[in-house]
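> Following this message is one structure expressed as structure tokens.
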Amino acid sequence: MKQGLWSLKWDKDHLILLDQTKLPDEIVYIDCYSYKDVVSAIKTLAVRGAPAIGVAAGYASVLAFRECRAYSDTGLTERFYAALDELEAARPTAVNLSWAISEMKEVYSHSESLETAGAELLNKAKDIEYSDRDMCRRIGSHGADLFKGKTALNILTHCNTGALATAGDGTAFSVIKELNERGQISCVYADETRPLLQGSRLTATELMANEIPCCLITDNMAAMLMNTRHIDAIIVGADRIALNGDGANKIGTYGLAVLASYHHIPFYLAAPFSTFDTSIKSGGEIVIEERNPDEVRTYKGIQLAPKDVPVFNPAFDVTPNHLITGIITEKGVIVPPYTDNIKRFYKEEG
Ligand SMILES: CSC[C@H]1O[C@H](OP(=O)(O)O)[C@H](O)[C@@H]1O
């Protein structure tokens, strides 16, 4: 089976990122020797996808420590934490970014000495990457098990949740890939996902690379698709999930959830536990990133609208928990009542 693309790779002393803004036309890599290279890559979505952003931030923390140490040991902690804060501020919605930064701060604060800190930070960054890969595999398996005994499945997905959004096979995409390997997929419908087209540029590329039967639709076709063709389930990713199960994901997700409810189609989020934010009780507290209006007015230099037309460009929206059938995680599938069941999963983790 043809394999897909990968989002990032640590190469001895620097981080290599696949520049996803250039896909699907070009394969261009970014060699990040400074954490500032990673800040820029996260801001421009050269690297994107909640889990991938978290993994990239882990390695960027290693680069930041090396840069701060090379400057001087005096005032190192202040400079290092300032660099981590700059990384964390690169994008506000995906909790994996702040989660990874807090994991790296924890390692640094408990390191025995500056001499050992560097190696300990690199080991933690690698652990975040390898855990993410294992998480993807387990999400794929738990999600596919939801459809045991079902064949010729038609699945609709949104944005990109595959290898380009993670360090492994993906979240929602991993479920789709596993179902395909079990011979249960008839067709995967991929929303193009305006304005940055993660669906048409990235997901369609990954589906074709993995030889998964697929069909690309524009976002405004989703309602008619559900109304005229049989869709067995909608499976999407998530960027931040509140304690009550409300989930933030790429703009357009909430609309799909409303349509799924109207058409009685099961609607699943697929996300690792690093995407849960139990410090917030509900989705109303999730900060939604608003991006540059020109991302809506133009695409790759083509003017799509008047240069000065006012634009509303939230990069995410929040789906309320009552529209979510289940949340597929690496620990299993969480179903309502979400607050109690999410707390139970955390208790089991200890
Ligand atoms: C594996 S979930 C990835 C998640 O991130 C995407 O957003 P972006 O491309 O802006 O980073 C989208 O919300 C996906 O569901």
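Just so it is clear, glycine is given a Cβ too, placed from its N, Cα and C backbone atoms.
Below are the features I grabbed from TrEMBL:
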- Arg48, Gly49, Ala50, Arg91, Gln198, Asn249, Lys250: substrate binding site (BINDING)
- Cys159: site 'Transition state stabilizer' (SITE)
- Asp239: active site, proton donor (ACT_SITE)
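Each of the listed features needs to be described in terms of its position in the shown structure.
The number of other Cβ atoms within 10 Å of the Cβ belonging to Asn249 (substrate binding site), over all protein chains shown, comes to 29.
Note on Cys159 (site 'Transition state stabilizer'): other Cβ atoms within 10 Å of its Cβ, all shown chains, come to 27.
Sequence-distant neighbours of Asp239 (active site, proton donor) (same chain, six or more apart, CB under 8 Å from its CB) are Ala50, Thr93, Ala94, Val95, Asn96, Ala248, Asn249, Lys250, Thr275, Phe316, listed in sequence order.
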> To the nearest whole angstrom, state the Cα distance for the pair Arg48 (substrate binding site) and Cys159 (site 'Transition state stabilizer').
11
> I want the residues beyond Arg48, Gly49, Ala50, Arg91, Gln198, Asn249, Lys250 whose C-beta is within 8 angstroms of the mean position of the substrate site's C-beta atoms, in chain order.
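Apart from the listed residues, the neighbours are Ile53, Ala94, Cys159, Asn160, Ala165, Gly237, Asp239, Ala315, Phe316.
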> Of Gly49, Arg91, Gln198, which is closest to Cys159 (site 'Transition state stabilizer') if I measure between C-alpha atoms? They're all binding-site residues.
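Spatially nearest to Cys159 (site 'Transition state stabilizer') by Cα position is Gln198.
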> Where the criterion is a Cβ under 6 Å from an atom of ligand 1, which of the recorded positions Gly49, Ala50, Arg91, Cys159, Asp239, Asn249 meet it?
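Near the molecule: Gly49, Ala50, Cys159, Asp239, Asn249.
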> Under a three-state reduction of DSSP output, how is Cys159 (site 'Transition state stabilizer') classified: helix, strand, or coil?
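Reduced to three states, the DSSP call for Cys159 (site 'Transition state stabilizer') is coil.
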> Looking at the binding-site residues Gly49, Gln198, Lys250, which sits with the largest number of other Cβ atoms within 10 Å of its Cβ?
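In terms of Cβ crowding, the pick is Gly49.
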